[in-house]
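First comes the structure, then the notes that go with it.
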Amino acid sequence: MTALKQTEKSTSLPMSFDFDIEGMTCASCVRRVEKAIAAVPGVASANVNLATERATVQFNGVPETTSVLRAVEKAGYAPRIVTEEIQIEGMTCASCVSRVEKALKAVPGVADASVNLATEKATVRLVSGSAEISALAAAVKGAGYGIRKATPAEAMKEDVDHRTAELRSLKSAVTISSLMTLPLFLLEMGSHFIPGVHDFIMGTIGMRNNLYLQFALATLVLFGPGLRFFRKGVPNLLRWTPDMNSLVVLGTTAAWGYSVVTTFVPAILPSGTANVYYEAAAVIVTLILVGRYLESRAKGRTSQAIKRLVGLQPKTAFVLHSGEFVETEITEVVTGDVIRIRPGEKIPVDGTVTDGSSYVDESMITGEPVPVQKATDSAVIGGTINKTGSITFKATKVGSDTLLAQIIRLVEAAQGSKLPIQALVDRVTAWFVPVVILAALLTFAAWYVLGPSPALSFALVNAVAVLIIACPCAMGLATPTSIMVGTGRAAELGILFRKGEALQSLRDADVVAVDKTGTLTKGRPELTDLVAAEGFEPDEVLCLVASLETLSEHPIAEAIVSAAKSRGIATVAVSAFEATPGFGVSGTVSGRRVLVGADRALVKNGIDITGFADEAERLGSGGKSPLYAAIDGRLAAIVAVSDPVKESTPQAIKSLHALGLKVAMVTGDNRRTAEAIAKKLGIDEVVAEVLPEGKVDAVRKLRQGGRSVAFIGDGINDAPALAEADVGIAVGTGTDIAIESADVVLMSGDLNGVAKALALSKATIRNIKQNLFWAFVYNISLVPVAAGVLYPVNGTLLSPIFAAAAMAMSSVFVLGNALRLKSFDPA
């Protein structure tokens, strides 16, 4: 993913700009950043994800990336700045340095660039996530110089380093805060747990010194470890855009400030209200810091799937140079390099085997546990593991072009997307924090006016509890964390969700429509029958038909040509070849006009096929696909091919039925053949004799009655139907997959992956609903309790300390629930 790219082929369509943001803590932050970005002229849309801490901005017209970054900073947040070191090739003088620096600084998202001629390195400071090496490389190449490509591991290392530093900082803050809060808590509340503590304090340091000591400890906690809340919360308050940090600041400052007045000028307070709440302020900060620490740890675990994918690629490869295999940095491997792989080693890049044979474990890519045999001309995938033999292969795709790199980009894109279910959360969080502040003010006023004596103390404590217990974080994390873990688990199972939205739409599917050839079947048909008409010799017909089919790319053509070769029948030259999709092929072979195709092709050309009606019925009833051959305008033969059903297909259909789905087969075969196959497999509906362009109409027909349709095909020939369906699922294997043609991609050819994807979709949406239910119920129920609605009933009041603990744990609960998807088992 480059920093700036067109979302479609047309240059008039919106451009996209991605970057990482620091400082967001809750759903209100997300709303605020999105609002700030959307206000920038030229911005078409802004999508900010709290879990990934990433923004995706689309522009209409000329992109104003600098204005977007300034808007984010003005809103109180910081685009994350990272440093990249890249090797520049071809520089010879200071002018080269200036030229390269200028080119790099022009890349959207680059804050600064410094180039060193002596080391031939460029140090680039850029907004994290906004520009990858590919974008920088394009700029340098445009200036006339070369650049060494980076690996995805480098970008991941930056993210890991950032999270490690954040965890270290939070751990330190929790430790310091706890060490100061514990004695403070004992000074104020110790007598409730340990008899004699109060008398001991009175007899040693006295009440006045006790208050001074509490003041000192609470102040150190608030403006030491707790300073992070003030740095973010106060500016947002001043901008009238409060967030969760603002709620913490208001609550703790109110408790601390009231206590300061009690300590130093108690005379100004009403009689009986001179109480201190230092321990509440300190414990609130400490508990929320603990929650942040646990939350940060959990967030790191949600992205482990991406880290594992990045970690699949080795750092070096043994490349053939001058007759010897030399260990080479992976960044220096180029297309065409010959690479040696020994048993147990990881395959570094995509390629084609040139020598040797082995079995390769591709489970980390396809989800299939059985090793795949590789021999000369076999394709190998970067990141997979060589098991037994030694092989040599030629690199065909390297760097960001490898299948592994594509998978990583797809998973990242899916994890950063928003589901339709998120819309409600966005609407609520837009006003959540301001409403909580208003609720706290109303709580204070109600208790001050209507509460028992001392009214001021009751008013303060309950208002602080309301401010502290409200948790927009849980609402903001509810959806994106489940998406992150769910799509990550899907990748481990060999399932790629190209769009996060497909997680929700797939769950709603009623009918699964399956293309027969290559999906239900192996896609490798075999010639089973050839019955010649009177006056024609079978071998003569096969020679003419096979010769014609050598120019066709259809799988059936390959079956006919292969059968001719196995019988020792040589093919001859063809002229005037013509292929009509859905009908057949025609041409001139040895001076004779030959036509091969479905019954409709011959009927269209006025050729009577009734002479083979009985044969056609027999072959079709056996699940074979009959074709006809005409020579010089006469019916010459009926040919039958059979495409074996995949071993996994029957179980896959049973699994889909078990999930409550109807299964429909869409095929170009005649109805008799299609129904025979459907009956054998237990398929519910059949749409037969469909031309390639008719698959879209077939999907529309299946959708009648308000049904949601998922269409499964090979992702290339079925592209229009995949696009028309509510969910398009492409089934492929390895590098043959057409990733861009569907919403969901199954990396293996096993149709059981569809049932796994559906089950995971249902589990993920269920997990999201659980999170949202918790987040909303938590806030709807506990905010009124914190305000004191139960006090008139049974005298219950919620301490600000318990409010802080509940708030801290609410986000951890959401993250913990989302992490359960890591162990999802579709079996």
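Don't overthink the numbers, they just go from 1 along the chain as shown.
Glycine is no exception: its Cβ is also placed from the backbone N, Cα and C atoms.
Taken verbatim from Swiss-Prot:
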| type | residues | note |
| --- | --- | --- |
| ACT_SITE | ASP515 | active site, 4-aspartylphosphate intermediate |
| BINDING | CYS93, CYS96 | Cu cation 2 binding site |
| BINDING | ASP714, ASP718 | Mg(2+) binding site |
| DOMAIN | 15-80 | domain 'HMA 1' |
| DOMAIN | 82-148 | domain 'HMA 2' |
Candidate with the highest Cβ count within 10 Å, taken from the recorded positions ASP515, ASP714, ASP718: ASP718
Pairwise CA distance, ASP714 (Mg(2+) binding site) versus ASP515 (active site, 4-aspartylphosphate intermediate), rounded so that it is a whole Å: 8
Three-class DSSP secondary structure - ASP718 (Mg(2+) binding site): coil
Structural state census, the domain 'HMA 1' (15-80) (DSSP three-state): 22 helix, 23 strand, 21 coil
Collapsed DSSP category at the residue listed as 'active site, 4-aspartylphosphate intermediate': strand
Predicted model, mean pLDDT over the domain 'HMA 2' (82-148): 75
ASP515 (active site, 4-aspartylphosphate intermediate) to ASP718 (Mg(2+) binding site) - Cα separation in whole Å: 8
